[in-house]
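Working notes for the structure below.
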Amino acid sequence: MASTSVPENYYVVPIGETQMVILKRYENLRLIGSGAQGIVCAATDMVTNKPVAIKKLSRPFQNVTHAKRAYREFILMNLVNHKNIIGLLNAFSPQREVEEFNDLYIVMELMDANLCQVIQMDLDHERLSYLLYQMLCGIKHLHSAGIIHRDLKPSNIVVKSDCTLKILDFGLARTAVEAFMMTPYVVTRYYRAPEVILGMGYGENVDVWSVGCIFGELIRGRVLFPGADHIDQWTRIIELLGTPEPQFLARLQTTVRNYVENRQKYQPVPFETLFADNMFPPGADNARLTAAKARDLLSRMLVIDPEKRISVDDALAHEYVNVWYDASRGSCSSAGPSTILLVDGEHTVEEWRAMLFAELQNYYRTHDVYGVGQRR
């Protein structure tokens, strides 16, 4: 973008090969992450004097899928308010007209690391339990608002040095109503629930499976089910958890059931072998924080049949994590909108662009985007 076309209150910052057109309130940009969905920079908010993370969405209107994802991410970040879910601090675009609208910047709290980095650390039971508790609290809040995350993975969960945890990236999130009998979605394969792999309808428990995979990875230090492709992913799961019972297979579509039934049969590996005592830290001061308790919870989360998989509420009540629950403070409460309704259905890229632009204009009217005590 030429300097003459940079709007007032903005300036251009080259980050690698990307031109960031940023509000002047944000300085000291440095790249901290990049991927298919965009690039993320750390910066200093000169208005609040606090560190922030700024995400520039990558080509949000390249196609319908990108446009829908951008719309969902902005809407959910703006509406969901919970201490274990990353919050929206600000949002802006240098483009002033819908016809020119191509860039969206999202400003968030800056965290210290994601769980990919934490997995390499030696964590004691207190930290393992507390991280798991916070993941479940964040998911409970989303579910209470009728939202299934669908894309939980270590890179989408961020932490601070004091062990506080937040869930981010809602571009794939769907309402529970939308998810009923949905076709499989594109998401990181390793954390994909069996019912999704097999093309079944899915519900909130897809997130429980993903949390179980992440928890197991924190303990073992490596991915539990590193499938090379769709079929190999299923094989990796049954190699460890065993071939599911006939009652589960009977619920599959005929062609899928025939395929699964003709695969090699596996007996489940005992969880005492999968998660042996020597993989865990030494015992904690709290008698409930033991390898046996952690294994028991894992065995209830990593269940192929979603109807038999533990719910989020029951997982939060489990001895290994409920040590952190304070009923008097409502520490896992879900205050906020009772149900979030997302625009769905078939829309063109231009329609998604117009809807997101309208939401952003409304955000400008209700927030001090520039940090000068005025609305845009």
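Cβ atoms are placed via backbone N, Cα and C, with glycine included.
The ATP site recorded in Swiss-Prot includes G33, S34, G35, A36, Q37, G38, and the single candidate from K50, K55, K68 that the record places there is K55. Neighbour density at the Cβ, taken as the number of other Cβ atoms within 10 Å, is lowest among the binding-site residues G33, G35, G38 for G35. Under DSSP, G38 (ATP binding site) is assigned to a strand (E or B) in the three-state scheme. Here D151 (active site, proton acceptor) is positioned 18 angstrom away from K55 (ATP binding site), judged by their C-alpha atoms. K55 (ATP binding site) has a Cβ environment of 21 other Cβ atoms inside 10 Å.
Cβ proximity to the ATP site centre (mean Cβ of G33, S34, G35, A36, Q37, G38, K55, cutoff 8 Å) flags the following additional same-chain residues: I39, V40, S58.
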